Structure formats: C-alpha cells, structure tokens
Amino acid sequence: MKTLLLTLVVVTIVCLDLGYTMTCCNQQSSQPKTTTPCAESSCYKKTWKDHRGTIIERGCGCPNVKPGIDLMCCRTDECNN
C-alpha cells in the first residue's frame with residue numbers, strides 16, 4: 001500500500017511538473033545565444049538606438065521602460081531570442 005501511495009505521489013509530481021522554471025535568453029545585442037532559468041513567468045526583449053547603433057537587451061520578467069525603448073514581453077521558453 002505504501003509503495004502504491006509513493007508511486008502516485010511521484011507520478012503526480014512528474015505530471016504537474018512542480019519544479020518547472022521558465023528559461024529566457026539573456027544575451028545582449030549580437031552576442032552568442034545564452035539562456036538563464038527564471039523565477040518570473042515571462043521574458044523580455046528591449047530594443048533602442050544610440051550612438052553605437054541598435055542595442056538589444058534580453059532577460060527575465062517584463063520591466064517598465066522609458067519612452068523611446070521598444071519592449072516585447074512573452075511567456076514561453078526562449079521566446080525573447
């Protein structure tokens with residue numbers, strides 16, 4: 001009986017994926033792709049232009065931005081690439 005109960009608990013944890021964390025890209029501009037696990041449920045990609053050209057910043061969450069900065073937020077793994 002204990003074995004059956006333990007099996008049900010393990011199956012429930014695997015099916016619910018309780019340990020799931022979001023994965024977001026976090027490379028800057030044209031750097032090689034890198035990712036990071038995130039506690040937040042979204043990823044972002046900020047884009048703006050300055051004297052260096054187009055700058056791209058990626059990361060976890062969905063931050064507030066100043067006017068003139070384009071922001072794209074999304075909710076799937078590596079969606080901000």
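Here the Cβ of each residue, glycine as well, is placed from N, Cα and C on the backbone.
Here's what Swiss-Prot has on this protein:
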type: DISULFID; residues: Cys24-Cys43; note: disulfide bond
type: DISULFID; residues: Cys38-Cys60; note: disulfide bond
type: DISULFID; residues: Cys62-Cys73; note: disulfide bond
type: DISULFID; residues: Cys74-Cys79; note: disulfide bond
type: SIGNAL; residues: 1-21; note: signal peptide
For Cys24 (disulfide bond) and Cys60 (disulfide bond), the CA-to-CA distance in whole Å is 6
Least Cβ-packed of the disulfide-bonded residues Cys24, Cys43, Cys60, Cys79 (other Cβ atoms within 10 Å) is Cys79
According to DSSP, Cys43 (disulfide bond) sits in strand
Taking only the CA atoms, the spacing between Cys60 (disulfide bond) and Cys79 (disulfide bond), expressed in whole angstrom, is 11
For Cys79 (disulfide bond), the three-state DSSP class is coil
Check: min Cα-Cα distance from Cys73 (disulfide bond) over disulfide-bonded residues Cys38, Cys43, Cys79 goes to Cys43
Across every protein chain in view, the count of C-beta atoms other than its own within 10 A of the C-beta of Cys62 (disulfide bond) is 16
